[in-house]
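What TrEMBL says about this protein:
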- Asp30, His32, His64: divalent metal cation binding site (BINDING)
- Asp30, Val31, His32, His56, Ser57, Asp78, Ile79, Gly80, Thr154, Thr155, Asn156, Glu157, Phe161, Arg164: 4-CDP-2-C-methyl-D-erythritol 2-phosphate binding site (BINDING)
- 25-176: domain '2-C-methyl-D-erythritol 2,4-cyclodiphosphate synthase' (DOMAIN)
- His56: site 'Transition state stabilizer' (SITE)
- Thr155: site 'Transition state stabilizer' (SITE)
Amino acid sequence: MTAAEDSIGSFPHSHPSPPITLPMTGIGYDVHQFAENRPLVLGGVTIPHTHGLAGHSDADVLCHAIADALLGAMGQPDIGFFFPPGDPACKDISSLKILVKCRELAAEAGLRIINVDSTLIAEAPKVLPHRDAMRRNIGEALGIPPERVGIKATTNETMGFIGRREGIAAMAVAQVD
Ligand SMILES: Nc1ccn([C@@H]2O[C@H](COP(=O)(O)O)[C@@H](O)[C@H]2O)c(=O)n1
Ligand SMILES: C[C@@]1(CO)OP(=O)(O)OP(=O)(O)OC[C@H]1O
């Protein structure tokens, strides 16, 4: 039985009706360190800043967290299974391609991406002005309307490694059915 066929059951005497599928939820988290002479790419948007993020790919911490949330919701292994860390094929790739892969995996499994929601944790820069562009990019990569892509941001109130501006973290959840 595929995940899509999995149902929460039906009343024995009810008329035939499409199975009620259980939405499935996944969680994702990622963090990348700031590095000099790198572009800062978040949600596929290059954001002007003094530093970018270190990584083998474009280090788009937001896309990585969303990808892991989606993969978790689909019962798949994590991002490194599909895009092995250090794989020459992944060098500087746009992480939007990772989201396209998630969309393809969902289609192959007969699953629909319902929504994703995320929080960026960064002392700087301010990302809210880029929210619409990020939602558009992510929605396009996943094949869902931007209204179904939640992006929020918070600082770490100067505490810890994020507060010291050493890097950016992202958390995400996703639902599929
Ligand atoms: N990197 C960030 C961090 C925050 N924001 C926006 O500022 C608001 C206030 O953040 P606090 O951490 O001081 O509560 C937050 O709600 C975001 O709207 C941002 O755009 N980029
Ligand atoms: C997509 C990959 C590929 O190297 O990107 P990285 O930039 O290495 O980022 P990370 O979040 O450390 O791990 C995910 C990797 O699989």
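Even glycines carry a Cβ here, placed using N, Cα and C.
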(request) Quick one: of the recorded positions Thr155, Asn156, Phe161, flag those whose CB is under 6 Å from ligand 2, and say none if nothing qualifies. (result) none
(request) Would you pick out, from the recorded positions Ser57, Thr154, Thr155, Asn156, the residue whose Cβ has the largest number of other Cβ atoms within 10 Å? (result) Ser57
(message) For ligand 1, list the recorded positions among His32, His56, Ser57, Ile79, Phe161 whose CB atom is within a distance below 6 Å of it, in sequence order.
(response) none
(request) Determine, for the divalent metal cation site, the additional residues of the same chain whose CB lies within 8 Å of the mean position of the CB atoms of Asp30, His32, His64; present them in sequence order. (result) Val31, Leu53, Gly55, Ala59, Asp60, Val61, Leu62, Cys63, Ala65, Ala169, Ala170
(message) When DSSP is mapped onto helix/strand/coil, what comes out for Ser57 (4-CDP-2-C-methyl-D-erythritol 2-phosphate binding site)?
(response) coil
(request) Enter the number of other CB atoms within 10 angstroms of the CB of His32 (divalent metal cation binding site). (result) 21
(request) Give the number of CB atoms, excluding that of His64 (divalent metal cation binding site) itself, located within 10 Å of its CB. (result) 27
(request) Compute the C-alpha separation of His64 (divalent metal cation binding site) from Ser57 (4-CDP-2-C-methyl-D-erythritol 2-phosphate binding site), stating it in Å without decimals. (result) 10
(request) Have a look at the recorded positions Asp30, His32, Thr155 and say which one has the shortest Cα distance to Ile79 (4-CDP-2-C-methyl-D-erythritol 2-phosphate binding site). (result) Asp30
(message) Can you tell me how many other Cβ atoms are located within 10 Å of the Cβ belonging to Asp30 (divalent metal cation binding site)?
(response) 23
(request) Would you kindly give the Cα-Cα distance separating His32 (divalent metal cation binding site) and Thr155 (site 'Transition state stabilizer'), rounded to the nearest Å? (result) 15
